C-alpha cells in the first residue's frame, strides 16, 4: 500500500497540480477535500501537473467525513506549523495519510483535533515565518515517508 496525501480544501491550482505530479512520481494517492478553490480544467493546475495527470490516482471527496469513510485510515498525520511532533520523528508506514490544510490558513482546529488524527506534525522553519508552500511541504513529507521505506519500488 502507498502513502496517501490529503489536501483539505486546497485553494491554489498550481499547488494541487504539483501534488498530482508528486503523487504520480512517488506512487502516492492524492485525496482532495472540497470545496476546492479551482476546477480541474484550470490552466495553472494542468501546467503544474504537466503530463502526469493520467498517471496519478486523484480522488475528490465532498467532505472530510467522506474521505475518512473512503480511506479507512489507521494513521493520519496532520501537518501544521504548530504540530507537536517533528516530521523526522514519525515512523511512517505504507497506508499512512499525510494531511495538509489550505494555503491561506492551514488546517482548522476541529480538523487538527479530529479523532482520526494520530498526531500533528511540523516541518522546521525559521521563527516568525508563517508557513511553507503547500506543495513543497507535501513533497518533504512524502519523500521522508518513502525514504523510511527504502524508496520501495523506485529506481534509486
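From the backbone N, Cα and C atoms, a Cβ is placed for every residue, glycine too.
Curation does not apply to TrEMBL; its annotations are automatic.
Keep in mind the model is a prediction, meaning the values are calculated, not measured.
Of the residues 37, 95, 101, TrEMBL places 101 in the same S-adenosyl-L-methionine site as 123, 131.
Across the domain 'tRNA/rRNA methyltransferase SpoU type' (4-143), the model assigns an average pLDDT of 92. Contacts of residue 101 (S-adenosyl-L-methionine binding site) defined by a Cβ separation under 8 A and a same-chain sequence distance of 6+ are given as 8, 9, 79, 80, 107, 108, 111, in order along the sequence.
For the S-adenosyl-L-methionine site, the Cβ centre of 101, 123, 131 serves as reference, and the other residues of the chain with Cβ at most 8 Å from it are 79, 80, 81, 100, 106, 122, 132, 134, 137. Helix, strand and coil residue tallies for the domain 'tRNA/rRNA methyltransferase SpoU type' (4-143), in that order: 52 helix, 31 strand, 57 coil [DSSP].
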